[in-house]
């Protein structure tokens, strides 16, 4: 390894020529040229990086009472991202955001990342430069350091594989399995924004002129630059009153079903309490869509959702307010199974990807 | 995350039907069916796995005086492996071997792995079953536990991304940068076997009948089932006399050039001392090839190479012998730069991928 190292001979992208001023393809840059170019985009490591880029493996040091949290995600062009809905800089940002959010959902801090790329040989080098600028932006914001990776060529689509290592106080990680009857369901920030932003990019170009610049910026940011809720996760962990946590990657409905199943409780959500951003409501009205659908099933919001001990509610809410972070109580846990949505006096079973009407 | 989790909605492979008795394609199995099927291939974790498969991220616990070593590799079908030169079970084995070998080259022990796959939708499920059997085989041998991963679909070739986390005593990791003039160059095991095995698979079918079953098995094993030198790395680290280490992924010549550059010494290798397996020599004779070429430039042998303090030579050799492991002294370090090959009284500069005749 090393950053982008350990290319096996068959994977080496040869030819060290550089054509100044002209858009360069990867194969024109060469393996080591590419490594140097990408490594230069990354910031200086902190003291937790004992051995970083350039040896067989990276060595990182954590405090004795800390556990290491690790998570990984793979993104394929054409499946998980498309060039017409995300720019390369935001793609770099979001590629790490997805994994940092998993660390946040454990209550941890994201400390180190490794980043592997399978690169089509005709990819413009400038796309990688932009990608790494985005990677470095989120690393700077979250105190995360890229300590290695691999770069290989592929005959297929661009593939990004990210692994993030974080730390959490020993024995304190927030799990999906601790919700108890009587607990309250919390949700950080707002949801539905990523789906609304994607809808705007895919379908809403004709409506874009009707939105304010701020509204457009909000929607694009929700989709392209989700903010992992590490500070919120830290407050929840430190409160000692958080009984379960998930990040909203697959959608509120999906995450709640997971917590319900893993904890063995029924979760009851009040539709009217789901926090939806004003810009999302405004766009939904223009599109003639119900924003609740985006909020429940859209996913990729990367907020935290879970349950907390009602005795700790006031303290947690105060700590969120003090940190300038939003937290909303959207329901509660009961004895039983599954997830129930309360809306306009009706009770519907909320499935991961839709509704199931009781008695029907 | 979770094993193979965090499929974003767009990445989910749908359809939960299972057609018993007929070869199944991935899309017929469904996301959760696939996850259950693959997770069942993996062994039980040990006490270092605090949270394994099934939450947002895995949590692992290391002893206080231990540093965490991490490395990652990405393998693309058609670039790094081909179905006609490696079976899927060996592919699973080798995919982890490559990264475990990086941990060995730091003197560490490989403890945990995450494994992400980008899967063509028409891939046979049985290929993944075989892959995971191979993964579990090497995990059992090395005490490594798969604690998570991601499975996504792709329109392109099969991609395997592996990240391995290991532990090493704080401050003791073996680096590439510590070689000093007067040190001896060591090499574990034998080299050239992987290149010979690949040659047999690609070119040597007509000669296979001339080889003994044992010779064929040796060559295939060298290429398809390389053995990461974790025990040898541990002996080298514990001796306190190992001044540099690399694993032979890109070839002896390439690894020595890296150590020379990172340490600021000249490395002098005696061609006649390079350890080459008898089966490799026998096959090279049949092919009319010089086995030294495979030994120097073949790569993928995953042996350890580096330098040691001559005062520790006897102790290290005794410990290797006691453990039933091979270690050969193949040269020494001098003041200067670059790598020199001594052969039949001539001195040639050994470049990563070839020779440079002095004075020519």
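Cβ coordinates come from backbone N, Cα and C, glycine included.
Unlike curated records, TrEMBL annotations are generated automatically.
Keep in mind that what you see is a predicted model, and the values were worked out from it rather than measured.
Taken from TrEMBL, the feature Mg(2+) 4 binding site covers B:56, B:71, B:102. Neighbour list (residue B:71 (Mg(2+) 4 binding site), Cβ cut-off 8 Å, at least 6 residues apart, same chain): B:99, B:102, B:103, B:163, B:164, B:166.
Here TrEMBL flags B:56, B:102, B:247 as Mg(2+) 3 binding site. There are 31 other CB atoms within 10 A of the CB of residue B:102 (Mg(2+) 4 binding site), with all protein chains counted. The DSSP secondary structure for residue B:102 (Mg(2+) 4 binding site) is helix.
When secondary structure is read from DSSP and collapsed to three states, residue B:150 (Mg(2+) 1 binding site) falls in the strand class. Annotated Mg(2+) 1 binding site per TrEMBL: B:72, B:73, B:150, in sequence order.
Secondary structure at residue B:73 (Mg(2+) 1 binding site), as computed by DSSP, is strand. The Cβ of residue B:73 (Mg(2+) 1 binding site) lies under 8 Å from the Cβ of B:95, B:98, B:99, B:102, B:161, B:162, each on the same chain and at least six residues away in sequence. Under the heading Mg(2+) 2 binding site, TrEMBL lists B:73, B:102.
DSSP assigns residue B:80 (substrate binding site) to coil in the three-state reduction, placing it in neither a helix nor a strand. The Cβ of residue B:80 (substrate binding site) lies under 8 Å from the Cβ of no residue that is in the same chain and 6 or more residues away along the sequence. Look at TrEMBL and you will find B:80, B:300, B:355 tagged as substrate binding site.
Other C-beta atoms found within 10 angstroms of the C-beta of residue B:249 (ATP binding site) number 26, with every protein chain shown included. Sequence annotations record features per position, and here TrEMBL assigns ATP binding site to B:132, B:149, B:150, B:176, B:249.
What TrEMBL lists as Mg(2+) 5 binding site is B:250. Taking Cβ-Cβ distances under 8 Å and a sequence separation of 6 or more, the neighbours of residue B:250 (Mg(2+) 5 binding site) in its chain are B:299, B:352.
Each residue in the domain 'PurM-like N-terminal' (B:54-168) has a pLDDT score, and their mean in this model is 92. What TrEMBL records for B:54-168 is domain 'PurM-like N-terminal'.
The domain 'PurM-like C-terminal' annotation in TrEMBL covers B:180-340.
The subset of binding-site residues B:71, B:72, B:73, B:300, B:355 lying near chain A, with Cβ atoms under 8 Å apart, consists of B:71, B:72, B:73, B:300. Closest to residue B:150 (Mg(2+) 1 binding site) by Cα-Cα distance, out of the binding-site residues B:56, B:247, B:249, B:300, B:355, is B:56.
Those residues noted as binding substrate (B:80, B:300, B:355) have their most widely separated CA atoms at a distance of 25 Å. Neighbours of residue B:300 (substrate binding site), defined as other CB atoms within 10 A of its CB across all chains, total 25. Spacing of residue B:247 (Mg(2+) 3 binding site) relative to residue B:300 (substrate binding site) is 9 Å (Cα to Cα, whole number). Here the binding-site residues are B:132, B:355; the one with the fewest Cβ atoms within 10 Å of its Cβ is B:355.
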